[in-house]
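As given in TrEMBL:
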- 22-52: compositional bias 'Basic and acidic residues' (COMPBIAS)
- 59-92: compositional bias 'Basic and acidic residues' (COMPBIAS)
- 229-330: domain 'P-type ATPase A' (DOMAIN)
- 1-92: region 'Disordered' (REGION)
- 102-123: transmembrane segment (TRANSMEM)
- 135-157: transmembrane segment (TRANSMEM)
- 169-188: transmembrane segment (TRANSMEM)
- 194-211: transmembrane segment (TRANSMEM)
- 346-367: transmembrane segment (TRANSMEM)
- 379-401: transmembrane segment (TRANSMEM)
- 689-712: transmembrane segment (TRANSMEM)
- 718-737: transmembrane segment (TRANSMEM)
Amino acid sequence: MDDHKDTTENSPGGEDQQDTSSHQHEHGEHDEAVAESDEQRVEQELLEDEAHPATAEGEALHEHHDHAGHEGEGDDHGTHEGHGEGHGGMHEGHEQMFRRRFFVSTLLSIPVLLYSEMLQEWLGFSVPTFPGSEWINPVFAVIVFAYGGIPFLQMAVPELKDRAPGMMTLISMAISVAFVYSLASVVFPTQSAFFWELVTLIDIMLLGHWIEMRSVRRASSAVDELAKLMPDTAERLTDDGETEEVPVSELSEGDLVLVRPGASVPADGVVEEGDSDVNESMITGESKPVSKEPGDEVIGGTINGDGSLRVRVGATGEETTLAGIMRLVEEAQQSKSKTQVLADRAAGWLFYVALGAAVVTAIAWTVAVSFDATVIERVVTVLVIACPHALGLAIPLVVAINTSLAARNGMLVRDRIAMEDARKLDAIIFDKTGTLTEGEHGVVDMATVEGVDEDDALALAAAVESDSEHMIARAIREAADERDLSAPDASSFEAIKGRGVRANVDGNEVYVGGPNLLSQLDSEVPGHLQRFADDAGENAQTVVYLVRDGELIAAFAMADVIREESFRVVDALHDLGIEVAMLTGDSQDVADAVADELGIDTVFAEVLPEDKDEKVQELQDQGKLVGMVGDGVNDAPALTRADVGIAIGSGTDVAVQSADVILVQNNPMDVVRLVKLSKASYRKMQENIVWAAGYNVFAIPLAAGVLAPIGILLSPAVGALLMSLSTVIVAINAQLLRRVDLSIPELPSGTPATDAQPAD
């Protein structure tokens, strides 16, 4: 199993597989992770510096470098504020920091631009001079460099410290070269000043980072929006029946809270009193309100309808479903896909390409012209225009939007690589019962051997199934109840995995189970019961047998209705070129009947739970990339074995360790949406990578001056503008992913589609 996971570079769930997968990338990503962490630390220090300028230098700011909200989790997470501050809050803080520095630096740059002799000559204007006016440019340029340029210099330090030079190093080199050369022009007046280029370069770089932080914050808004779902306060009922308003963080398990009409449910719990419809769309993606009555579970953060509910608190803080979903979303946004790892490496290589191009440019222009301001201008332009800004954002922005869109539609991503692999699945295996079918069996027919009354047989079967919670057991008990039959007492109940159940009833050893049970007991099937079973199989019905003291005495036909959505799912997956397989423990006849009706390509019938993963391996041995759709409990080995394990119908259980993706609703159409979203996301990743890489292929030679013979030379400011523009284009293209159509085409029969939730 582990070997297979290694070859597919997937880590679907289970701790062993996750460990194996994580070690695959450990050495390749360690330096990048450290550099990224250090850069975040420096950014946080800058935020602290702006918030507390008077004390920043005297305090150990590194103590506060953790993402906002992660310290003191016990308090913040009671209302989920910690998560919101941890990501969106940090990005918003960076956005405001760059915004503030941009406006201040731009304001300080105006005198430099006005007193630039080159600009006065180009634009044909003049300004008054006065004693000391010659110092306006250097003084204001130094201030702009110290205030606007310092973030880039500080964030370049961890890159150099970790021997992973990148974007910040290139920017720092560019503005430092321009700054040092400009100061030299003050000492040696024969050289041309470079001040206006320096300040405009810094201004544009700040503007680009402001736009970048704004785009990242918007793309990463999923966690913020989830955090806002939880109310700040709750109405707790006291022992005397009165209500008291308390912070949600003070709620404890067992408290009774009042949820008024239109209010948010403050914690996970169980309805004790009242009836209402609850809007769970923000959790499940299903827009239709869910009816709630006493005994039903409710999820914290969902919206109550017109009724009033009294809810017994079952989970608070980090234990709630909402907190679990937020953790999954955060982890998915932070994890790196294979494409992102490649992009990060390319961005690292780009530094050396840019540095080499800058050196070659300096030598070439010095030889061709001489060492003057033109050479410095070319070098600075090359360093600026080659910044791997767009390349660094190409994938993370798509990942953030992809994760947000998935969460809004009830798809929770545990494994980013598996999510990316979903686009190229060759085959998807569905567990039949409860996924392609309704999963609710009913006894529709029965047959007995001569001398055995139907009511007696049904009552005997109900007695054996009295302690079982299996759907077939419930169906038999319900059938007995409908006939007002009284089941005799049973003892020594035993579940036989994958075969059935046994118990002692009135001194007899009685079994109830399917075909596998008969094989184990080596029971002979009478002719008329065999014909009954054959007819039932042709009608897609499951047959359950009743064996008393080794003798087969009755057979029950169970019907499991095929879900309407299943027809559209199979049709949609075929349109995507994906083979559809079905796996079931039912008989071959039942499986074939369902498969024929749905148009399923491959059928695995009479499969024991412990053998399901072998069927996944069987398709993988044919060279196919395989997805497995199951309930996340009985199918855990198969989900782990699959290249993409999809737990469907897990509801609010976000702790399904064996799955790569958790589908909150028990709706097979979400599997199609998952594949479509994976394909659309990967397409956006490719488009962004092609644009970001292609931009540098053309931009670096242009910055170096290859078009100088025809009079085209880019200034550093124009280079910075082009670099920022490339970043904006990548960000806009990533945002277009929000428009992806996740709806499923209707069949000719006109079955209405279940609409996916939009991104906004």
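Cβ atoms here come from the backbone N, Cα and C positions, even for glycine.
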Could you tell me whether the transmembrane segment (169-188) and the transmembrane segment (689-712) are in contact, taking contact to mean 3+ Cβ pairs under 8 Å with a sequence separation of 6 or more? no
Segment proximity, the transmembrane segment (135-157) to the transmembrane segment (346-367), 3 or more C-beta pairs under 8 Å: no
Residue list, the transmembrane segment (169-188) vs rest of chain: Cβ under 8 Å, 6 or more residues beyond ends. 138, 141, 145, 149, 152-153, 156, 159-160, 194-195, 197-198, 201-202, 205, 351, 354-355, 373, 376, 379-380, 383-384, 386-388, 716
Given the transmembrane segment (379-401), which of the listed stretches 135-157, 194-211, 718-737 has the most Cβ pairs that are under 8 Å apart from it? 718-737
